[in-house]
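Below you'll find the structure, written out as structure tokens, and then a few comments.
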Amino acid sequence: MFGGAKGGHFGVPPAGYSGAVPQSEAGTKAGPAGGRPADTMWRVRCKAKGGTHLLQGLSSRTRLRELQGQIAAITGIAPGSQRILVGYPPECLDLSDRDITLGDLPIQSGDMLIVEEDQTRPKASPAFSKYGAPSYVREALPVLTRTAVPADNSCLFTSVYYVVEGGVLNPACAPEMRRLIAQIVASDPVLYSEAILGKTNEDYCDWIRRDDTWGGAIEISILSKFYQCEICVVDTQTVRIDRFGEDAGYTKRVLLIYDGIHYDPLQRNFPDPDTPPLTIFSSNDDIVLVQALELADEARRKRQFTDVNRFTLRCMICQKGLTGQAEARDHARETGHTNFGEV
């Protein structure tokens, strides 16, 4: 989970908090409290007869069997026939204990693994090939998935909490996160002006505290700064990624998926049941962005999105029918009504 934030169980600031992150604390919010470093994603390549490949989803906690499963899927060399060499001069890894973690092997991020087929061992079945790996190998690869959170007007806050806390689903966090955002905005009326917020600073703070309002780009930007991480939102309608905090130099990245009206968190699941899902990624892990776009494209092809310019809404206060977010915005401006439901 994200550790350095102070004042509450997930980072609500104490009284008098200015909204700015002290320079001395930069870099502490993205790792666990205490001396144990965060388990970051490794960048490891493997070189085999067919070329050089980047391996996905590895860390010090990855088990050798998962590494060999990836290599098998990429190279077509079955785990039992692999020879893996590392270092200079290259030395063979001991592959006898397939449950050992990479952190206990002489491998580190940035290494190039040389993979060869051990000719002294029985060859794999002809059915085992680079593009036809057996199902057990395909299943051994980590997969990026979405986790559904309640559609209760606070899905953004629940989703952000889920990813920064390492996979904790707690919809009850929303009021606290809303108060956090209001306190940060109120602390800097110059930065968070009416031109930015679309309403006065005071009105915005009252508005965001309510449980019937939706979060969006402003709130994501604030949470990105507070948690000192890049928040990437992949849009299933346009199949694009909006990256908040991209240029801030953060070392961590979390991902949400957005269908036009609802946010869900994304996580990487591993086949080993003892390996917890990963929700916090290295900002250098661009593979996870590709995987997120693949998820979004699949959802778009299945039309799992809401066109916010054409969807039908009803004002839950006066029951007036509306079409699209523009009409809803105009209605809210004219009447002060902000509680809408999709028809």
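Just so you know, glycine gets a Cβ as well, placed from its N, Cα and C.
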(request) When you get a sec, could you say which of 172-177, 190-195, 226-231, 286-291 is annotated region 'S2 site' by Swiss-Prot? (result) 286-291
(request) Would you please say which range out of 32-42, 197-207, 208-218 has the annotation region 'Variable-loop' in Swiss-Prot? (result) 208-218
(request) Give the distance between the Cα atoms of ASP152 (active site) and HIS262 (active site), rounded to the nearest whole Å. (result) 9
(request) Count the other Cβ atoms sitting within 10 Å of the Cβ of ASP152 (active site), across every protein chain shown. (result) 12
(message) Same chain only, sequence gap of 6 or more: which residues have a CB within under 8 Å of the CB of CYS155 (active site, nucleophile)?
(response) VAL149, HIS262, TYR263, ASP264
(request) Please list, for the region 'S2 site' (286-291), how many residues fall into helix, strand and coil according to DSSP. (result) 5 helix, 0 strand, 1 coil
(request) Kindly report the helix/strand/coil residue split of the region 'His-loop' (258-262) according to DSSP, in that order. (result) 0 helix, 1 strand, 4 coil
